[in-house]
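K.L.:
If you scroll down you'll find the structure; I have some questions about it.
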């Protein structure tokens, strides 16, 4: 009885699936999927080989500091970094006094209240504060950016596929829309106010090119600030903001793997020893 | 509940004798996973995965309890509280990555454990109850994993919850009402997040309870083995301790090596980048996909694209739940008296096809819904149901199994070089 019901139920599911397969095939022949510009022109980022990648990867502190400088002077005008606190900067090599100064001199102040009147006010940043948002709220952010919302950058390199490479590729990826694209897809012309960038998912990004010329930032460590260098450095910085404990994780991982290899070796020996007289 | 030759617990120390009279807990452990449990001597490494699954549950409970001390189940702050665990809690990154990857490890180990049961016929008499309880554990695990994935309140958390609870709206007439009642609102929000957290904390302990029943039911007939032949005498078994505790030790080490690779070097490989974007009900991700361990079932759901008497969506939901529920009937669908597929020349080929089939479903579940992928999924889903509901009952009735060894010991000795039945009788 169970088997009879099972055959009927099985035949039922298979029949409905066969029906679905037939209609899918028919539909695919009658209305072939349109070839889209996103499909044809989207590009994957190339590897920038950050020092933090790989089993023994560590942050290049000078590079991360340069990246912070790029964030401070270029990105911070529009992008928040809300999960990172000023005090965290000590982990990339700034001293306590330097962090205090960076927080104190940060252009955007921390929202607060006037301690006497209770009115809304702002105050200077402290090392314990998180980076303040450049806009009071989403409406203000959109109003200032042609109705686009600049995303928070704290987790950007983990929130995109191949994030660290993506940030670099996106920053370097602005160009004129290729003529072949317009020839093949006349409807896919980049709308006014957007910018063509083959690394962005739908090819048209609202953010105007942020890194426009060599020397846009003057690095304090004397490194030549080419466009590519700045894009690399800020990608390294955002890799750190997304995963500040990466070095501790790698170090613990190497120790754990060594420990476990010894553990497996010893348990294997114990296993051989216990079973030496039993065929199995 | 064991073989007559099982060793008996005899406490020698006065304290242990006193304990045994008042509360024979050491006796229980001795008989369950100690020297008092005789186990077939020929188990291969696939028999490690039950212990590994239990261990994975312990890892999940320990890391989860500590994470719950720092996590805030409120839609306004949940995402931020996870970030504070990652950045400010001592070793918080380790706890969270161990818990998130631990879920994947748990499911991976359980899939191998289920596959082992399918191949060696562990679901057949007299172990039907072990199998049924196992399917219950699997269902509870799926529910727990799904609700856990919602807690970080990222984009995939939110939209995954939206899609999964949407299944209930496929029920005719009352579906939408049930969905709203389950969610505590019209869309996933604070009410849903809170109840998911509550249940996510509760269900692992229910799983632990069912595992106890699962092991209890197992100990009545004793463990199956790669030949599928019943234990005939003392020479066929060894005591669980020290023989299988030693062997499980090796398995545990290998398990943690793989686990450590993910936690320390690729902690986000199995996750989705979109879940590092905070939940936003106004922005739908381009591709909503579940975690890898649900992809085959998601592919089955998506394969039903045609209305036939019932709407396509309802077919999809019925089929997806049916694809797991049919496992409950497996012991009665397979009428072959032979357990191990090693001795089932036809059936083992179909099992190999099933393995590839499930991998194809997994691929389709995560891939873009192009016509090619959808059609591949429909064929694979068709085979999945055909395998269990049509092929298995027919093949098990028609198949001529290969000759079975007379005993476990004979099979073991044959493997170690030609032996005669006389030697078998003398071997111990």
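Positions of Cβ are set from backbone N, Cα and C atoms, glycine also.
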K.L.:
Looking at the candidate ranges B:276-295, B:376-395, report the one that TrEMBL labels transmembrane segment.
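P.N.:
It is B:376-395 that TrEMBL describes as transmembrane segment.
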K.L.:
Out of B:130-151, B:218-239, let me know the one TrEMBL marks transmembrane segment.
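P.N.:
Matching range for transmembrane segment: B:130-151.
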K.L.:
Of B:23-41, B:346-364, which range does TrEMBL call transmembrane segment?
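P.N.:
Checked against TrEMBL: transmembrane segment maps to B:346-364.
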K.L.:
Roughly how many angstrom lie between the C-alpha atoms of residue B:99 (heme b b562 binding site) and residue B:219 (ubiquinone binding site)?
P.N.:
30
K.L.:
Determine, to the nearest whole angstrom, how far the Cα atom of residue B:113 (heme b b566 binding site) is from the Cα atom of residue B:219 (ubiquinone binding site).
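P.N.:
Given the Cα positions, residue B:113 (heme b b566 binding site) is 17 Å from residue B:219 (ubiquinone binding site).
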K.L.:
Test the contact criterion for the transmembrane segment (B:315-334) and the transmembrane segment (B:93-118): 3 or more CB pairs under 8 Å, pairs 6 or more apart in sequence, then answer yes or no.
P.N.:
no
K.L.:
Could you round the CA separation between residue B:214 (heme b b566 binding site) and residue B:200 (heme b b562 binding site) to a whole angstrom and send it over?
P.N.:
21
K.L.:
In Å, rounded, how far does the Cα of residue B:200 (heme b b562 binding site) sit from the Cα of residue B:219 (ubiquinone binding site)?
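P.N.:
Between the alpha carbons of residue B:200 (heme b b562 binding site) and residue B:219 (ubiquinone binding site) there are 29 Å.
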K.L.:
In the structure shown, which of the binding-site residues B:99, B:113, B:214, B:219 has the fewest Cβ neighbours within 10 Å?
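P.N.:
Selected from the binding-site residues B:99, B:113, B:214, B:219 on minimum Cβ neighbours within 10 Å: B:219.
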K.L.:
What's the number of neighbouring CB atoms sitting within 10 A of the CB on residue B:200 (heme b b562 binding site)?
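P.N.:
The Cβ of residue B:200 (heme b b562 binding site) has 21 Cβ neighbours within 10 Å.
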